[in-house]
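For reference, Swiss-Prot has these:
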BINDING   71-76, 105-109, 129-130, Lys142, Lys151, 169-172  NAD(+) binding site
BINDING   Glu184, His247, His264  Zn(2+) binding site
Amino acid sequence: MERLTVTLGERSYPITIAAGLFNDPASFLPLKSGDQAMLVTNETLAPLYLDTVRSVLEQSGVNVDSVILPDGEQYKSLAVMDTVFTALLQKPHGRDTTLVALGGGVIGDLTGFAAASYQRGVRFIQVPTTLLSQVDSSVGGKTAVNHPLGKNMIGAFWQPVSVVVDLNCLKTLPKRELASGLAEVIKYGVILDGEFFSWLENNIDALLALDDTAMAYCIRRCCELKAEVVAADERETGLRALLNLGHTFGHAIEAEMGYGNWLHGEAVAAGMVMAARTSERLGQFRAQDTQRIIDLLKRAGLPVRGPQEMSAQAYLPHMMRDKKVLAGEMRLVLPLAIGSSELRGGVPHDVVLGAIADTQQAQQ
């Protein structure tokens, strides 16, 4: 069992990583006998895990209700979140309830925002079931829903009280979803840890094969890196923005193509290449390092170009609505070397457009 802590003073919380955690009542602390909980999951995951998690909580004396939402990024909306509020109010659940987010990034983000909003804030536990949510979205307290004009535009910073990562969930994960999660894994190596990037180059096949030892180390290292960043910059005023490498381009792809048509990790993968090409054009990143990123993304089964039907010009309106825009100026996370990155403002739009064109046209 791997265990680490996100250090935020009185709001610190544990991340527990192991196979079989869903069968251990202690995994879901601080829930205890007499507590009330609302399990939030989706229609795909409910047949796989809902009864197991409900049963282990009820064995501990927790009073459990549940709500099952439709599955897909297109349902990460205020309208669907209202379903959670209705379920909470119908029982009713008070301020002492705990929401349990049993699912991937959509369920985690939506449930977290519901927890931040319901009766001005209740506890919630993250139980991520996808690799992407296990290494990224479940840690750090960023919660949100989408708006037709932009991804994650309506939300709050609201930390969970615990993160429970059961490695067995990955055994039921579609290969495309596994690859999507590996995009966020690779991102950590590019922005923060060159040694980890090299480890990924040597172990990507083991991760694709769901080797328990390799996967446990991979998830722990990603969570360690994110926990360090969140502890230093919880509200994303500086350092934490580096975690958005590829996301400004990627969110543009998701919004333009319609949420759910490109998985988040797929869009981020293409966005990372575009960010690397931008940094190349600015003379601060080596072409051979861009190629290392491309090669690793391809081995993980990820796209290294954006949608062919999306013009370079189509990216800009979405990118100018990005949350990192400051005083009307686009700011991009750009790699400086494998394991080092910066948040840079004032990148000329023609450089960005050229980098997108480079990505789309290059022989990769």
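Placed from the backbone N, Cα and C atoms, the Cβ positions cover glycine too.
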Among all the protein chains here, how many other CB atoms are within 10 A of the CB of Thr130 (NAD(+) binding site)?
28
To the nearest whole angstrom, what is the C-alpha distance linking Thr172 (NAD(+) binding site) and His264 (Zn(2+) binding site)?
19
Fewest other Cβ within 10 angstroms of its own Cβ, chosen from the binding-site residues Asp71, Glu184:
Asp71
Number of Cβ atoms other than its own within 10 Å, given for Cys169 (NAD(+) binding site):
24
Using C-alpha atoms only, work out the spacing between Gly105 (NAD(+) binding site) and His264 (Zn(2+) binding site) and round it to an integer in Å.
9
Can you tell me the CA-to-CA distance separating Cys169 (NAD(+) binding site) and Glu184 (Zn(2+) binding site), as a whole number of Å?
18
With Asp71 (NAD(+) binding site) as the reference Cα, tell me which of the binding-site residues Glu184, His247, His264 is the closest one.
His264
What same-chain residues, at least 6 away in sequence, bring their CB to under 8 Å of the CB of Gly108 (NAD(+) binding site)?
Ala101, Gln126, Pro128, Ser133, Ser137, Ser138, Thr143
Compute the C-alpha separation of His264 (Zn(2+) binding site) from Gln74 (NAD(+) binding site), stating it in Å without decimals.
12
